[in-house]
Amino acid sequence: MSEPVLSVRDLVVEIPTRTGVLKPVDRVSYDITEGEILGVVGESGAGKSMTGNAVIGLLDRPARISGGEILLKGRRIDNLNRDQMRRIRGKEIGMVFQDPLTSLNPLLRIGDQLTETMLAHLDISADEARDRSIAALDEVGIPAAASRIDSYPHEFSGGMRQRVVIALALCAEPALVIADEPTTALDVSVQAQIIALLKRLCRDRGTAVMLVTHDMGVIAEAADRVAVMYAGRLAELGAVREVVQRPRHPYTEGLMGSTPLASRGQRRLRQIPGSMPRLGKLPAGCAFHPRCPKAQEACRVDPGPDLSADQGRAACWFPVEQVEVAE
Amino acid sequence: MSDMDVIEAAKAAEKGRIARFRESDFFWKFRASPVAMVSFAVTVILVLSAVFAPLIAPYNPFDPASLNLMNGFSAPGVPNAFTGETFFLGTDDQGRDVFSTILYGMRISLFVGFAAVSFALVLGVTLGLIAGYVGGWTETIIMRIADVQLTFPSILVALLIFGVAKGFTPVEYRDQMAIWVLIIAIGLSDWVQFARVVRGATLVERNKEYVQAARLIGRTSPAIMLRHILPNVLSPVLVIATISLALAIIAEATLSFLGVGAPPTQPSLGTLIRIGQGFLFSGEWWILLYPAATLLTLALAVNLLGDWLRDALNPRLK
Amino acid sequence: MKALVSVKNLTRIFDVSKPWLNRVIERKPKAMLTAVSDVSFDIPEREVYALVGESGSGKSTIGKMIVGLLTPSSGSVEVNGIDLSRETDAEKIDLVRSDIQMIFQDPFASLNPRWKVRDIIAEPVAARGGNTEGLSERLLEQVGLSAEDAGKFPHEFSGGQRQRICIARALASEPKLIVCDEPTSALDVSVQAQVLNLMSDLKDEFGLTYLFISHDLTVVQHMADKIGVLYLGRLVEEADPETLFTRPAHPYSQMLLAAAPKMDGFGREVAPPQGEIPDPINPPPGCAFNPRCPLAIPLCKQERPELRDVNGARVACHRAEEALARMRDSVTA
């Protein structure tokens with residue numbers, strides 16, 4: 001196997017507070033290879049966005065990386081200073097956020113934002129950058145790109161804006177794109193368009209994608225592999241079909257089961273009792289044990305086996321044994 | 001356990017206001033900020049010594065019977081050449097103890113300040129709430145009046161009101177009325193800030209779903225404004241009130257310094273400074289310096305406290 | 001079955017013009033947005049009627065008109081046979097009002113942060129001068145929280161718990177109808193399941209009727225007895241879940257169902273839907289969906305289709321039969 005584009009090793013993010021140190025991301029490890037879409041899924045507060053922000057070096061103070069390594073194409077990037085990191089953002093890592101309005105400068109024409117990014121990162125002339133900008137807008141499906149390149153962000157609809165953001169994220173041909181809830185603010189029909197676009201572009205260019213979302217449906221359709229996070233830790237990591245259809249971690253199983261789709265035809269939805277603990281009040285041992293139907297003594301003491309990139313799928317002492325159903 | 005027992009136990013377990021306050025972020029931020037603690041302490045000391053001035057002050061500077069003209073111009077801490085009495089901060093031309101006049105003067109300054117801010121607050125918050133919640137023409141009229149008022153410097157507005165009021169009051173009541181006119185003049189020039197902030201906050205709160213829920217229940221508009229919206233727009237009001245207090249104290253001092261404020265029979269800090277500046281170049285610096293220093297300390301402490309409150313209550317800085 | 005709520009030709013037009021002076025200077029006419037246009041449906045007692053649609057479909061506006069937060073521009077809402085916007089007897093209106101409650105989308109904005117949970121829950125009863133002794137505590141236990149929570153403030157609860165508090169408040173005045181405006185779209189999946197289950201249980205226990213407003217097809221499919229699909233303020237299809245999800249007859253419903261992510265859609269490559277929702281201030285003439293519709297014919301641009309019965313559903317489409325046929329072909333293919 002070739003070298004992974006992004007390799008996260010035992011990443012720990014800490015937030016010091018007056019009541020103690022919180023760990024919104026705790027010993028998380030995963031790889032993303034070329035052309036692969038890794039879905040990072042979890043409920044709010046699970047640390048999925050924080051992981052993405054740590055990779056692009058955009059953690060809000062006082063949060064900071066306190067352990068582990070982040071390697072981009074084999075080179076460490078977690079210890080770079082702000083200037084070096086800024087050069088990597090946009091050039092080697094593209095970003096797509098939930099709200100397209102916040103990632104576009106409302107005072108600049110979209111063409112200027114695209115050419116500016118290209119000129120900053122690519123060795124090309126201004127005219128060439130403009131031509132490429134039009135091509136980029138055309139590629140993300142903006143009709144009449146040549147005439148709309150001089151429009152301002154507010155002149156676009158939400159879906160079109162997100163297309164512009166994707167064009168902006170990909171224009172410097174980065175090796176990795178981090179998409180944080182890229183479709184959450186969009187309507188169902190537009191969401192399908194954006195997901196299809198993201199998939200097509202990344203497959204064509206061989207870009208690695210980290211797709212952060214809470215929507216299991218989006219993950220199932222778009223991702224190749226999926227990382228399930230719970231209370232700052234990786235609960236399960238594996239091929240998307242495996243994780244969705246034969247979850248091994250009891251949390252993943254509960255999460256999949258509680259979607260209305262999975263309980264189709266049933267009077268009641270399956271539910272996980274309780275709610276995710278707040279970061280300041282994590283239980284000892286496995287953070288899921290108070291809600292887990294299979295919790296035993298070991299779960300109350302030890303946080304579960306480490307989930308390193310190559311061994312084991314679920315960080316659980318007693319993973320769900322899936323009975324193969326004859327089909 | 002019966003239902004009632006559960007309910008009683010639940011009520012007993014509730015934390016009191018003080019306990020909740022002690023656990024709050026607000027209290028924690030206060031404890032973590034030396035500026036806040038010092039300015040709070042200074043403010044409290046000054047306010048308390050003004051309130052209890054009759055108990056603290058060694059003399060009553062406004063009781064003619066206790067005054068001895070022979071004590072005039074005593075330097076601070078130096079025994080008087082004629083009477084041998086020693087005054088901690090010296091005396092003025094009429095033999096009044098400067099320390100005592102400052103305490104009594106601060107009383108008037110603070111009273112005018114608090115009263116003017118309270119007046120501005122009640123007026124501004126009421127109009128702001130109504131403008132924000134009712135909207136339409138009511139809002140347009142209230143906010144245009146506010147806009148027009150903002151185009152005049154507040155001292156000018158105060159001077160104008162003061163001048164008009166003076167024309168209507170009979171001469172024999174003028175000294176008594178002066179303080180009240182001062183309060184209204186400063187209060188009227190200050191309500192706009194409250195109205196604008198409260199209107200803005202009300203516009204935000206009005207569209208929140210808890211207000212819709214209250215409307216749905218059938219609550220009347222005044223009830224929604226008072227019980228639902230008002231408590232949620234009060235934190236910026238608290239900040240403005242604190243900063244306004246400092247400004248009102250200074251405005252009062254300015255007016256008094258200009259001779260249109262507190263009369264010499266009831267001298268505020270501003271009046272004392274006006275009286276004192278006449279003696280600065282004849283060597284009796286203490287008559288001016290100590291009231292001025294007190295005014296500065298008071299205004300600075302209240303202002304710093306207001307600044308800190310603004311930061312502490314600002315959700316964006318959390 | 002008796003209809004608890006009867007919505008007839010409901011229309012709501014918003015004036016979204018710029019202020020008068022700007023209009024005069026820029027010489028622009030008044031801008032009118034038709035958020036809801038000629039919508040009629042009935043909600044039978046003890047049933048769950050769901051309205052689905054994307055943003056701008058007018059689903060929330062309909063909900064607000066039913067509870068009385070907005071007045072209709074034309075048409076009527078009848079609850080128990082009483083038309084709220086035309087009834088003059090204040091006592092009758094008050095009686096109907098106390099029969100309707102609402103649960104909102106954002107559990108963080110729908111509870112007054114300065115009030116204790118006890119006062120929040122009891123408010124609907126307190127506002128009418130009723131006895132609130134022990135009411136909040138009892139309701140809290142009914143929605144799966146504990147009586148001790150009555151003395152806490154909203155910020156001490158998670159999103160799901162807050163939504164339970166909202167449900168408790170909605171139950172306080174013992175209503176017949178609860179309008180639920182996206183009640184779970186701000187919640188995580190596992191919490192959503194808890195809240196939906198709770199709502200189902202309470203419906204059976206108290207004999208409630210729900211108007212369930214959502215953009216999430218999977219949630220609607222699970223909860224509803226009947227579903228109305230809205231597009232740009234118009235009801236385009238009304239059917240029971242079984243019919244709608246197996247044989248959608250309106251091209252828009254078909255598109256919506258195809259676009260929704262599926263849990264078993266691994267690496268699914270479907271042609272995504274074309275176009276976006278048009279500007280509601282200048283909707284297309286005729287059928288509002290015609291610019292995006294693969295089956296559109298010239299008639300669709302000229303004449304607005306009325307709701308008619310097609311194959312067990314009410315559909316507003318000139319080409320519903322063709323759409324159904326196309327659907328059947330694609331399934332067999």
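Every residue, even glycine, has its Cβ placed from backbone N, Cα and C.
Per TrEMBL, these features apply:
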TRANSMEM  B:35-57  transmembrane segment
DOMAIN    B:106-306  domain 'ABC transmembrane type-1'
TRANSMEM  B:108-134  transmembrane segment
TRANSMEM  B:146-165  transmembrane segment
TRANSMEM  B:177-198  transmembrane segment
TRANSMEM  B:229-251  transmembrane segment
TRANSMEM  B:285-306  transmembrane segment
* Asked: Hey, which bits of the same chain come close to the transmembrane segment (B:285-306), Cβ under 8 Å, at least six residues off its ends?
  -> 35-36, 38-40, 42-43, 46, 75-76, 89-90, 92-93, 98-99, 101-102, 105-106, 109-110, 239, 242-243, 245-246, 249-250, 253, 269-270, 272-273, 275-277, 279
* Among the recorded stretches B:35-57, B:108-134, B:177-198, which has the greatest number of Cβ pairs closer than 8 Å to the transmembrane segment (B:229-251)? -> B:108-134
* Please indicate, using numbers and ranges, the residues of the same chain that are 6 or more beyond the transmembrane segment (B:177-198) and have a C-beta under 8 Å from a C-beta there. => 108, 111-112, 115-121, 123-125, 127-129, 131-132, 142-143, 146, 149-150, 152, 154-155, 157-159, 161-162, 165-166, 169, 233, 236-237, 240-241, 244, 247-248, 251-252, 255-256, 261-263, 266
* **Tertiary contacts of the transmembrane segment (B:146-165), as residues 6+ beyond its ends and Cβ separation under 8 Å** => 127, 177, 181-182, 184-186, 188-192, 195-196, 251, 254-255, 258, 260-261
